[in-house]
Amino acid sequence: MAPSGTLTSFRLPPLPTIREIIKLFRLQAVKQLSQNFLLDLRLTGGWLISAPEMSPPHPWGRGPGDLARTLWARVQDKIVRKAGNLTNAYVYEVGPGPGGITRSILNAGVAELLVVEKDSRFIPGLQMLSDAAPGKLRIVHGDVLTFKIEKAFPESLKRQWEDDPPNVHIIGNLPFSVSTPLIIKWLENMSHRDGPFAYGRTQMTLTFQKEVAERLTASTGSKQRSRLSIMAQYLCSVQQVLTIPGRAFVPKPEVDVGVVHFTPLTQPRIAQPFKLVEKVVQNVFQFRRKFCHRGLGMLFPEAQRLESTGKLLELADVDPTLRPRQLSVSHFKNLCDVYRKMCDEDPHLFAYNFREELKKNKSKFQEKDDTERYRL
């Protein structure tokens, strides 16, 4: 692999187009896996430019004319550009598929690109890219949800958390079905400073359904404000940097796609364990249309619910009539800090699950009802 610190000037040789790769290896997107192929990277930026005299190039490569093709070429590779300067960087790409974004990453002058692909049908096409970029591309046939990246790159890349981000990047066009569990997993890794964040404050540039991208970046009071907003924003600086129309993909998804850039904060905005923060946030947003006290009450057993919820809100200085989307990260910080103290005072509190209590109560009621019927 290319040694760290050596500037590279590399361009891939002429290769079959992504459409030709798909045809050559008889690839077909699997709906059950939420697969969508980004056929032409020029499309990732083109629709963002206001040019009435231009129309987007045809997905199969037939542009509206030489001038338009030249202009479209200038806006290609936007997803990769939004990741920042990748010269001599070590990049981890998730879900490369037929290799569209992979090509742009390689052409960005990276030291090494590691791709993890679960679908074996894409491996031959990726191997073709590896052969065209000797020593640059490493392919792992595996599942990104279980792949251990902690030892994938040189130890010399590791940085202290308070330092600038390491020269390690995560980039990916994520299948919709895996995007939310994967980002939650990585956020938990971030809180523990392990996984991809064993190297330091590793930056990520990832695609999501536009609605999910909007939730991740939603501000206080926004209709899109959600559990994802709080979990991402208490740990990261989060920006939606690009919107890609669905027609840039094949098969065309029913929604547009948002590209989101994550930079971990040097200090989390809530200094509590990830699982505790997650529990408080989940409980609040499960009743997103109700006042916040409704969801917070579910943190406590029924017998003490009213009293404990009132105590939590009072000590956290949170108005019980605020809706979940009106709560800021600072509100959640106060709630989590107070809830942590209450859990320390009652060792059994954190393990409490209101759904389990509900099931037990229903079971008792059913037994009582059956007994009464038997007596009759």
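Using the three backbone atoms N, Cα and C, a Cβ is placed for every residue, glycine included.
The annotation S-adenosyl-L-methionine binding site is assigned in TrEMBL to N36, L38, G95, E117, D143, N173. Sequence annotations record features per position, and here TrEMBL assigns domain 'Ribosomal RNA adenine methylase transferase N-terminal' to 75-266.
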- Of all the binding-site residues given, E117, D143, which residue's CB has the most CB neighbours within 10 A? E117
- Message: For a quick check of packing: other C-beta atoms within 10 Å of the C-beta of G95 (S-adenosyl-L-methionine binding site), how many?
- Response: 25
- Item | Cβ atoms near N173 (S-adenosyl-L-methionine binding site) (within 10 Å, other residues, all chains) | 26
